[in-house]
Amino acid sequence: MDSQERAPRRRQAEHLEQPQAQKRARGQNKGRPHIKPTHYDKNRLCPSVVQGSAAKCFFGDRCRFLHDVSCYLETKPADLGPRCVLFENYGRCPYGVTCRFAGAHLGPEGQNLVREEVVPAPPVRNSLDKALQQQLRKRKIHFERAEQALHQLGKGHLPSPTPSATVPEVPGAESAPGQDNCDAQQAPLAPCPGTPPSSPRQTCGPLTDEDIVRLRSCEKRQLDISGKLYLAPLTTCGNLPFRRICKRYGADVTCGEMAVCTNLLQGQTSEWALLKRHQCEDIFGVQLEGAFPDTMTKCAELLNRTIEVDFVDINVGCPIDLVYKKGGGCALMNRSAKFQQIVRGMDQVLDVPLTVKIRTGVQERVNLAHRLLPKLRDWGAALVTLHGRSREQRYTKLADWQYIRQCVAAASPMPLFGNGDILSYEDANCAMQTGVTGIMIARGALLKPWLFTEIKEQRHWDISSSERLDILRDFTNYGLEHWGSDTQGVEKTRRFLLEWLSFLCRYVPVGLLERLPQRINERPPYYLGRDYLETLMASQRATDWIRIRCLGTEEPGWGVLWGGWPSLTLPSACPHSEMLLGPVPSNFVFVPKHKANAYK
């Protein structure tokens, strides 16, 4: 081989040996540390061992998890507290040795202890069945009612709000002349024999009218929530533990977080978790987001058969670009044809009332709600919630309640709920004077979840810092019950707790206000609270929230959840205990560190 042939190969080899230049990270905050802990992913204990069936592994020979409990305990981090919430409440912790409070329920040989007076944990409602998830992933589900409704809508045959009852084809019986054959209310989603047990298919017993006659719209379960307090479906913050807090303080109606219909149809576990319902939620609904009639109608039929809800809400108010640019959320207000097909199709396949949440419009000075409300009433919506802002406004201006007053007449006799800027019972009273059927509370519940009690009792509650600390402690316990007491559950509870604290810090105690009430658009200056805990709760820095952790180290799982990062370790005793117990010095002024230079 001559030198001319060797030169290109030499340059190619040198090019391969050189390390490739790292691609420059674009966007904001790319240098932040990785939040998800990785130390517990290396030696994770097999779920079969955790659940007490180590003799038979769920994964067989392909299992990549650890089966040696002693080896796992050597690398497991130290316990976070001496008490386990699950063990104290129910007498048994399902997480066993993986629990971050396992010392409270582990025997001398590492066995999981069970108390004699075992109280069964409340069953999880609206959970995703494994058999159903497998059918969704393999696309073996047949949506007969949805396909029939979409076929009629595609031909331009728009059903009336109160269609006549139709009789399906039943084995051994012929359909009456002049009636279309359609699927029964209890028809299975899939014809295969692996129908999940959650499906309400009736295989034996007498044949009743409910089995063969479809419900008229006027015969559906009615949604009578006039005058009730409605907790808005809050994305990220409106999780099940937070809804339990709001229910305890007087919320009447709750709704799950916004769920994307395409993810539900794919059987994603994380999306189905948004539909879970606690037993204390007596009036509960779910909110769906989508841009196309076929996916929304099929998802409505799927939820109609598999979960237990009192109503289904359509999100037509989401302003974020990720949803808007795909044609969902607020974009549906400008897509009248698609919007009509979605509402009519979902109303046909649902046996529960269908509600819609909209905004005033897309552009700031172009209101569309007063033109859409009469159409929604004719399309079959049972209730509409109107947020008094447009998409462009977001939260830059106050909600337009005068426009909501005008929309009440346009929506009549359909119930209309109003939403926007309600932070006190006085705001709620002014909102009810516009003629709305009820009010929906969103950010006001995040700032002060006891707002529902204030509205019902018609008073301002000067809640103390210790009472607010008890609310956070209860949220922590609820989070450990819901997400789990293992490392992953602790991290999820911490994440959503810190998310909620970013709203709670904006609350100003009633005793410190110069005038009542506090307005939702008012950002208070940095102030000194009546005690040290109240001052820490007013801070917008997570480092100050961690100091609150020192006040609750004796509670189960309480102290560790205040750390902003998983790798953060704090001593069990607070170095500033004398400052926590004693009075705050009179010359002490609370100024966060990042604002200190402005006060020099």
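We number each residue from 1, going along the chain as drawn.
Just so it is clear, glycine is given a Cβ too, placed from its N, Cα and C backbone atoms.
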Looking at the candidate ranges 83-108, 239-264, 291-316, 395-420, report the one that TrEMBL labels zinc finger.
-> 83-108
If you average the pLDDT over the zinc finger (83-108), what number do you get?
-> 90
Beyond the flanks of the domain 'C3H1-type' (40-70) by at least 6 residues, Cβ under 8 Å | 77, 94-98, 110, 112, 487-488
Over the span of the domain 'C3H1-type' (40-70), count residues by DSSP class, listing helix, strand and coil in order.
-> 12 helix, 2 strand, 17 coil
